[in-house]
Amino acid sequence: MVFEYPKGVELIAGVDEVGRGPLVGAVVTAAVILDPHQPILGLNDSKKLSEKKRLLLAEEIKQKALAWSLGRAEAEEIDQLNILHATMLAMKRAVENLKIQPHFVLVDGNRVPELMIPAQAIVKGDGLVAEISAASILAKVARDQEMAELDKRYPEYAFAQHKGYPTALHLAKLAELGPLAQHRRSFAPVRKLLNTL
């Protein structure tokens with residue numbers, strides 16, 4: 001499947017999120033406007049790239065993009081709003097943080113946040129649209145770095161290994177050590193644990 005860009009639109013921002021599934025930390029989003037005169041080779045869905053390749057591409061994106069920005073919604077906001085609404089809010093923040101206002105926004109997935117700019121959702125857009133691929137890489141690198149920092153503060157939880165996702169290791173550590181302030185209270189494994197304490 002080949003994506004057809006909107007006709008006659010110059011500044012297109014791609015938007016993606018990372019971190020809807022984890023039990024801990026923020027959902028992180030990115031918005032990127034690429035420079036058509038400085039193409040970046042190797043852009044793809046961040047999940048299909050090695051960590052080393054993601055880091056290299058993230059630096060290249062930051063150097064070559066016309067504009068890029070990050071957005072986020074914290075664990076508390078996720079608990080208050082729910083993960084879908086918090087993700088939409090984080091995407092909106094990423095677009096609003098861009099130093100250049102895009103003419104059109106392409107969003108990975110099947111929903112678009114409320115924006116003052118025309119937008120379109122593209123299912124599996126992170127593998128089809130270069131701008132969304134770039135956004136997915138920046139968001140993934142940023143969130144992974146946050147998990148590495150959390151791992152330094154709380155090495156016993158092994159965040160560097162599972163990145164906050166509900167793996168068997170994370171669930172075992174959660175049961176053994178209890179949740180941190182950064183854990184999402186509204187997510188079932190954390191909620192169940194809090195109800196038994």
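Placed from the backbone N, Cα and C atoms, the Cβ positions cover glycine too.
The annotation in Swiss-Prot ties D16, E17 to divalent metal cation, and of the candidates under consideration, D45, D79, D108, the one tied to the same site is D108. Around the Cβ of D16 (divalent metal cation binding site), 30 further Cβ atoms fall within 10 Å across all displayed protein chains. Counting every protein chain shown, the number of other Cβ atoms lying within 10 Å of the Cβ of D108 (divalent metal cation binding site) is 27. Cβ proximity to the divalent metal cation site centre (mean Cβ of D16, E17, D108, cutoff 8 Å) flags the following additional same-chain residues: V15, V18, T29, A30, M91, V107, G109, G125, D126, I132, A135, S136, A139.
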